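**Q** Once you've had a glance at the structure underneath, I'll fire off some questions.
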Amino acid sequence: MKAENLLASASINIGVAMFILSLFSILKKQPSNAPIYYPRPISLNHHIFLDERFTFSRFLPSLEWVRRASRVSEGQILQQCGLDVLVFIRLFKFGINFFTVSCVVGVLVLLPLNYIDGDRLSSQFHSVNSFTISNIKGGSNRLWVHLSCLYFISCYGLYLLYKIHGKSIRETIEKLTQQSLTNRYTRRSDSSKIEILKEMLQDVCRKIRHIRGEAMLSEKELPVAFVTFRSRLGAALAAQSQQHSNPLVWITGIAPEPRDVLWSNLAIPYRHLPLHEIVVFLLASLLTIFFAIPVTAIQGIAKFEKLRKWFPPAMAVQLIPGLRSIVTGYLPSVILNFFIYIVPFCMIAMAQMAGYISRSKKDIKACNMVFYFLVGNAFFLSLLSGSLLDQIGESFTHPKDFPGHLASAVSAQADFFMTYILTNGLFGFSLEILQPGLFMWNYIKSHTWHRGKRKTAYLNSIPYYRIIPFVALSILIGMVYAIISPLLLPFLVGYFLLGYVVFINQIEDVYITYYETCGQYWPCIYQYILVALILMQITMVGVFGLKSKPSASISTIPLLLLTFSFNEYCKRRFVPTFHKYSMQDAKKNDELDEQNGLMEANLQNALDAYCPPCLRPVDFEVVESCSTQPLISPK
């Protein structure tokens, strides 16, 4: 890619992002937009100070939301939002810490080393490729510097993972210690006539639901139940042990939170779940195959010289000054982001079909599906269709040059992923905080059929399955290209800084917590980052070999062994804590409850919390969802 193409993409993305963020800072100040930009404080009955007077300052952009986000501590996030949200924010902090250090190493060491080839300046000074490892001559001793930087960056990444692992383990145990067996439910009471009538109506509805539920359950008994124990120790022993010699006859497990349960999926027989998984796998495979078509077409646009050969009318783009830079530098990343935007929604629909009994398991499944889909399609398929296939075609006419073509092919796609990071970060995060679709919907609703009525807050939970995989993909891209094309690193630092302040704002003012898994997302995030580290090291083994430096390739193997050993240690030391509840901690918590006289209260709370939806009292102030429907739908 020429420098002007990258400059065109950066200019457009930065300009659009500045406009959107400025517009957001203005709209956030308007009282009429509080249901969109302050739904969380509204739902918690927190006071929001918005000046309703017509003042000039209300219509001036400001950075107050950025300053406010920068002052939020991890302790506040843990206390107000829970461990899941803290783990989510730590993903951005990992990106900031890792790529800041990598950026310093890359800009101060690798960039000058790549640009100055031997005793001469690069003849490709006008090209982005002059800053990549492809500009280093084959067999050059300068590649040892790249190997040293690879060791340093990899070890620093492992250190950050170990550090976060330890903190997450401690906080998980503390969260389990503080957490009661169930949430306590409170209900406001009033002696007014309206409240009395409402309670009477609730009692009637409860009886109707009870009769309806008993009638349906008598026709079909569900082979599933929530069993409540008097102590955590008893519950942990029963949930984590095999109850029958045939493990498929009687299956036990730790129950999800009451608010996390998907009651409708409890009716799915356990023996049918493998069939659901097969269907989900087939659907995901079809989506993967279908997605190969637009990715290949996008790379055709990015490679203008090839596009001009395949489609001669494309030469007309050159007639307009600057249009080619926009078409090849900006348009491909926009189209790719448009297509992959729909992927998370497809995956969450597939995960819903898998029959999981909790929202958290469904979201984690969708999160994994989206990440590996993006790795296979948005990353590898872009690499193959955009560079390797072209290089292989040339190798048929010049077979001896194939190693050189393959070595340059890896770095050839760095320019495309630079524009992808710019578009996904600047444009994507800006739209996330602006919420233009919800803003337009609220505007139309407020000025048509809902005019003059009381506005309700637009409450949503954090879409982990939509955000975590895309952020993890950016980490993977950054790690793979950290040594190959260090010019990408400053863009990634900006990407994670913007993402951090955007989502701190969102969790403080917009998103609410629908469930808490005590950090179950961290093992997934850890696995994504580890995949990125291993892929970076394997890529460099190949690059060193193709650069006629086999000794450097061999010297990379100990680093791979160190990474695999680190993973084995973490799987044995840290990961089990996220999936199992130790007897020691359970007994310790039971003793604390017994000292405080909470054993009977916790038991009663558990009985109330896991009451089937058809037996719960109706709250007429809350719109019912699918979670309050009977376990079995009437035929």
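Counting begins at 1 with the first residue displayed.
Any Cβ shown, glycine's included, is placed from N, Cα and C.
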**Q** With the ranges 77-95, 552-570 to choose from, which does TrEMBL describe as transmembrane segment?
**A** 552-570
**Q** For the transmembrane segment (464-481), which partner among 96-116, 426-444, 487-504, 525-546, 552-570 gives the most CB pairs under 8 Å?
**A** 525-546
**Q** What residues in the same chain, six or more past the boundaries of the transmembrane segment (552-570), come closer than 8 Å to it by Cβ-Cβ distance?
**A** 143-144, 146-147, 150-151, 154-155, 158, 161-162, 165, 526, 530, 533-534, 537-538, 540-542, 544-545
**Q** Can you find at least 3 Cβ pairs under 8 Å between the transmembrane segment (525-546) and the transmembrane segment (96-116), where each pair is 6 or more residues apart in sequence?
**A** no
**Q** Which whole-number mean pLDDT does the model give the domain 'CSC1/OSCA1-like cytosolic' (191-265)?
**A** 75
